[in-house]
Amino acid sequence: MNVPFWTEEHVRATLPERDAESHKGTYGTALLLAGSDDMPGAALLAGLGAMRSGLGKLVIGTSENVIPLIVPVLPEATYWRDGWKKAADAQLEETYRAIAIGPGLPQTESVQQAVDHVLTADCPVILDAGALAKRTYPKREGPVILTPHPGEFFRMTGVPVNELQKKRAEYAKEWAAQLQTVIVLKGNQTVIAFPDGDCWLNPTGNGALAKGGTGDTLTGMILGMLCCHEDPKHAVLNAVYLHGACAELWTDEHSAHTLLAHELSDILPRVWKRFE
């Protein structure tokens, strides 16, 4: 299967400029439902990725015990106490530019109830980690973006990992069409497949990303870029590209063994500037 690469030239042509006359409302408010008592860091990692990626304002809906752990590091966000639990009980009352749910959340029925309520919104929705399950998705205005690693793809589809890895692009494209979602199949040369049949490979990244938390950062980056890009496709593709490019810059100066996920967000401003 001949799948094109999303290249540096594509990124330069599609990354948005920051209008000098803009304000935070121009780029909208994003909602991140993430982080539990057992995995509090996921909310912080995704939040840092989002705040570095072009949004106007970020609301983090996380467990009450997680909030005081995050605020000293991410005071720029606002917080919705037990937000992901409350989203399971009722539909969202606020309007958001984009929503992400799943980093650091358990694989429970209540999380899937929160997913159901989130999907009633019109905006783009990212599902990651604990929000990924074998299910169907309603027809809606904004895209649904699934960000599985191979094990999560198996949980979603039943395709064994060893079989998936032989034909990554084919399976991602097939299931994107079947589920009518965007699928970001993470791994070496991440596959980004769209429900209309469009499919791309990402050329950036390296083994430094083979560490816990880097996927949470990517989810946050996609969330932020959905707020500053007009085209959701470009937002997803550019987020994946820059995420990998951050890892490449890291290994220009450090061992691939040593990257910590939060350092991707520290590196991102330098990488982004290269493409402006």
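Cβ coordinates come from backbone N, Cα and C, glycine included.
Annotated AMP binding in Swiss-Prot involves LYS186, GLY187, ASN188, GLN189, THR190 plus, out of the candidates GLY212, GLY213, GLY215, the residue GLY215. The Cβ of THR190 (AMP binding site) lies under 8 Å from the Cβ of VAL184, LEU201, ASN202, GLY205, VAL240, GLY244, each of which sits 6+ residues away along the same chain. When the Cα atoms are compared, GLY215 (AMP binding site) and HIS149 ((6S)-NADPHX binding site) turn out to be 9 Å apart. Of ALA42, GLY104, HIS149, ASP216, all annotated as binding-site residues, the residue with the shortest Cα distance to GLY187 (AMP binding site) is HIS149. The number of other CB atoms found within 10 A of the CB of HIS149 ((6S)-NADPHX binding site), across every protein chain shown, is 17. Of the listed binding-site residues, namely GLY104, GLY187, GLY215, the sparsest CB environment within 10 A is found at GLY187.
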